[in-house]
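Working notes, beginning with the structure itself.
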Amino acid sequence: MRKTALLNSNLSSVISKMGHTDMIAIGDCGLPIPDESERIDLALIKGIPTFMQTLKTILLELQIEEIILAKETKDVSPNLYEEIKEVIGDVKITFITHEELKTTLKSCKAVVRTGEQTPYANIILKSGVVF
C-alpha cells in the first residue's frame, strides 16, 4: 500500500507526470471544467473535501513556483485568500480575472473538483522544480 499522503490514483498519476511550468487547478464544486483538461472529481457532498484540504494535500506532493488566482478572490472571499497565502508562503501569486482563469483551465493538465462552496475557491498551481 502507498505510504505517502496522496491516495487518489488519478491525481497521483497527473502529479507524477507534471514537468516544470505544467499547471494543475483545484476548484470549487461549481467551477466549469473544460473538455480539454482531465477532470478529477473528488466532490462527495457539499463541503467534502474542502478546497483547503485538497490544496494542502497536493502541496505535499507537488513543488510549485507560482499560483494563479482570480482577482475577485481577495474581495469576495478574503478569509480564503489569507489561508491560501499562509499555506503557500513566498510563492509568487498572479492575479487574473475569473473569466481569464476559466479560459486558462484549458491549459491545465487536470482540474480537481472539490466539494467546496466558498465563492472563488479556485486556484491554478504552476509546477516548479525541486533542484
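Even glycines carry a Cβ here, placed using N, Cα and C.
Feature annotations, courtesy of Swiss-Prot:
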type	residues	note
ACT_SITE	His20	active site, proton donor
BINDING	Asp28, His98, Tyr120, Ala121, Asn122	substrate binding site
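Sequence features, as recorded in Swiss-Prot, placed on the structure.
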{"residue": "His20", "record": "active site, proton donor", "Cβ contacts under 8 Å, 6 or more apart": "Ser127, Gly128, Val129"}
{"residue": "Asp28", "record": "substrate binding site", "Cβ contacts under 8 Å, 6 or more apart": "Phe51, Thr114, Glu116, Gln117, Thr118, Pro119, Tyr120, Ala121, Asn122"}
{"residue": "His98", "record": "substrate binding site", "Cβ contacts under 8 Å, 6 or more apart": "Ala70, Lys71, Glu72, Tyr120, Asn122"}
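Taking the Cβ of Asn122 (substrate binding site) as centre and 10 Å as the limit, one finds 27 other Cβ atoms among all the protein chains shown. Report note: the substrate site is defined by Asp28, His98, Tyr120, Ala121, Asn122, and the residues of the same chain whose CB lies within 8 Å of the CB centroid of those residues, excluding them, are Gly27, Gly30, Leu31, Ala70, Glu72, Thr73, Ser77, Leu101, Thr118, Pro119, Ile123. When the binding-site residues Tyr120, Ala121 are compared by the number of other CB atoms within 10 angstroms of each CB, Tyr120 has the fewest.
In the three-state DSSP scheme, His98 (substrate binding site) is classed as helix. DSSP gives His20 (active site, proton donor) a coil state; it is part of no helix or strand.
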